[in-house]
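Visitor: Dropping the structure in here first, questions after.
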Amino acid sequence: MFRVLFFLNIFYFVFTIPKESIHIMEDLPIGTSIYTFSTDGCKTINNTGIYRFVDSQKNSNDFFLIDPYTGRITTKKLIDRDDFCLRRTCSCSKCEIILEVLCVNVGKIFFNDLSIIIDDRNDHSPQFSKSSITIDILENVPIDYLIPIDIAIDLDYGNNSIQGYKLLEDNSTNKLLNAFQIEYTKKNDLLALRLIKILDRELYHSLEYIIQAYDGGQPQALIGHLNIYINILDVNDMSPIFDRSEINVFLSESTSIGSFVTRVHAFDGDTGLNGLVYYTIVSFDPPSNGTFILSKETGEIRLGKSLDYEKEKSYRIKIKAQDNGPQQVSIPAFAMIYIDIKDENDNYPLITPTFNDDKISGIEHISNSSIITIRENLSNGTFLGHISISDLDSGNNGLVSWSLESNGSISIKELFNNEAFLMFTARIFDREEQSQYEIYLKAYDHGIQSLLTILNFTLIILDENDNAPIFDKDFYLINITETIPLNTILLHFHAIDIDEENTLNSQIEYQLNNQTIFSLNSITGELRLIGKLDREEQSSYEFDITASDHGQPQPLSSTVRCIINLIDVNDNYPIFDLSEYIFEIPETWSNLSPIGYVHATDADEYYSELTYKLVYNDMTMTNDWPFELTTNGTLYLKDASVDIDYERRSIYQFLILAIDNDGLNTSVPVTIHILNRNDFCPELINNSTALFFNIDLWFNNSNEKFNHYYLELFDGDNDTCSIELLNFNNIFKIDLIQHNQYLLYAHILPEREYYILQFRLRDLINETIDQSCIRYAQLVLTIGTNETNQTLAIDIAREYLEALYLISRRSYSYFNLTLFNVIFVIILLSIAIIISLISIKIIYLSSNSCHQRRLRKHKNDSHTLYRLQGPTETRLPLLDNGPGEPSLTSSWNIAGN
């Protein structure tokens, strides 16, 4: 289990994982896998974290590789524990390497400590520097006389290192048995032969021995051999004797080359050349060729190379003194010099930065530089990288403190006893506020003369096209007389874009739409009059001016309303009761209900009859303005078909003009807030309506994600949505992955060739406030194998689904077409009937008119009177007679006939 250590703002969780420990054997083959991190939370179904070493410049990290995607640790080089011990990479008693690993996954950072203990393999046998040596000794040396012997070297450690020595002799060769015994002091690593019997050259002149060095390896100890030949010399000379057989020196690592270190001195009782003593270095431990220089004549030891406490902390030198007498009788003397190196504050604190380089996330580290670029508006708490701080010195010289100066741009999380820390953004950067931040990290040690290291890196904020041009006014309103001359400059529109200067993000262009009487300069924003004004034809002009930048990927624009009123003479403007009107309506507001009222008065009596007018002031103006205003100042929606949508726009800001009957006007700002209602239904937004199921992957138990299908729902109200499978529930299931994202999969093997899957979509809202929306959707799932052409199968399945859809639409369309034809025939018949009736009426009227003319003519010729029938006769309706003419009845008599 891991434990949460730190939470930065709302974006990054920082976790530390309890340290784990493993043992490995030295000399493992290169590429051997030794451990795999399986950090809970760093690997998810959809995302895999990225693993890396916290300090990739540590020496121990050079021997291991980490797979950034799996977290597997493998050996990069051959690991020799004995070499690690000699180079002080690890402790010789317990060779432990600590790997510090960081894993970054979406919104989370995990730290892992892995302790790798390298176990020793008994792969080195004890080795003497020579296979044999010859020693000359006088026959009169006293009992307990010691002959120093160079020890054997075993690079292994512990029980696998040298455990002791044995002295072997051949009874048939040596005439004097058990003359010497071996002595070994493990504490000081001193080996010598001690004389325990008196020597007599007249009886024997030489002895032969074998020194056997053995280690404690299991199951079989390893052994090294040294052959020793001892020559017994007559007593005719005096040998050198050191005044001090052991010398201890404490030497600073800052000692300059050529400085005096110490001096050895040996006495010789002889005179002349036989009394001259010469000094030579027999052995160095550790090997250090040229580090120390010995004067052969004086015994002075001087420094030959620079010292480094961090590489070697001590030296052991074996010195031999021998006089100038004949080699047969000159017996050398030996002395040991122990040199301990004193640590000096000669190493500056080391700062190792590892910057995050994730272009997709908007962070980029410029190679071979200390510059980090970051997009503005990135989330607060964005991970920038980590920094390790160390000092190769020891004690207070290696104790490091540090401070970070970032002007509030960076926050940190300390790790590993303050030896490393993470860096996060401490704010949401706005390039228009500040475009660059200089970060200073100062690390200093606690030596007597403190050493300071400064790391300076620069955080450059990259511009995003996040600022639309802004006009210097909320709206432009001018009143001009109708007699103003042509080509007069009426207005100068001015907008600014605070994005980076001299870039496309801040380059502004002005546009005027649907106006022929005015001209706008797209660069300067000057508005000129180019047509004649006539207030009797039009008393005011209202239009929008758009200022657009050229930013990518999408230019941004702002729109300002311009109102130009043509006025006669009038000196009092209408005054509104309030300085501002604010209303709230739901997006489902009825056009029959008033939104609100405005009222104004005019001090001029003649001009006090006021009317009200809407003046639009909309940054994203469309042609369909949804509001209308009555003459008495009442606001309504235009009609029921007007579309006001909270998701598209939640606030309308405009002006209302109060205009007197002479044209003077005053404006008041009006704000209408649109309240949200559930007016969007959920939609299934998959890229394809056809899916492919591979049966072979099912039987092969392959990665199941190939037969998993992600369904994503979208709701314009940003509601949480649910999806329900209406058929084939015994074969398929749907699981929720995250908000509005679901996973469709088969829990038993499908058997059909195609499946038409029916889904019910529903948004989940509080139904006490509003009503949820339900929709239905279809997907077709085609079944195949590895041999199936998936693209072709999916295309056929999609066409099959479309065919089903067209069949259902065709029957509906046929019904509509038939109904249309019936209606059309009825209309044609009605027109024909009307035309026929009109024709009959015209013929009838024409015939009756001719008959009346004949009657009038007959009357004039014969002067005959018409006699109406009695009161029982029926009177016809009046025909089209002239003024004063009598109406005719259905029957009459002609006199004089």
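Think of each number as a place in line: the chain as shown, counted from 1.
For all residues, glycine too, the Cβ spot is worked out from N, Cα and C.
Here TrEMBL flags 16-128, 129-242, 243-355, 366-471, 472-576, 577-684 as domain 'Cadherin'. Per TrEMBL, signal peptide is recorded for 1-16. The feature transmembrane segment is assigned by TrEMBL to 819-844.
A description of the local structural setting of each listed feature is requested, covering burial, neighbours and distances.
Guide: Mean pLDDT across the domain 'Cadherin' (129-242) comes to 84 in this model.
Residue counts for the domain 'Cadherin' (366-471) under DSSP, split into helix (H, G, I), strand (E, B) and coil, are 4 helix, 54 strand, 48 coil.
Helix first, then strand, then coil: DSSP counts for the domain 'Cadherin' (577-684) stand at 0 helix, 45 strand, 63 coil.
Here the transmembrane segment (819-844) has no Cβ contact under 8 Å with any residue of the same chain six or more residues outside its ends.
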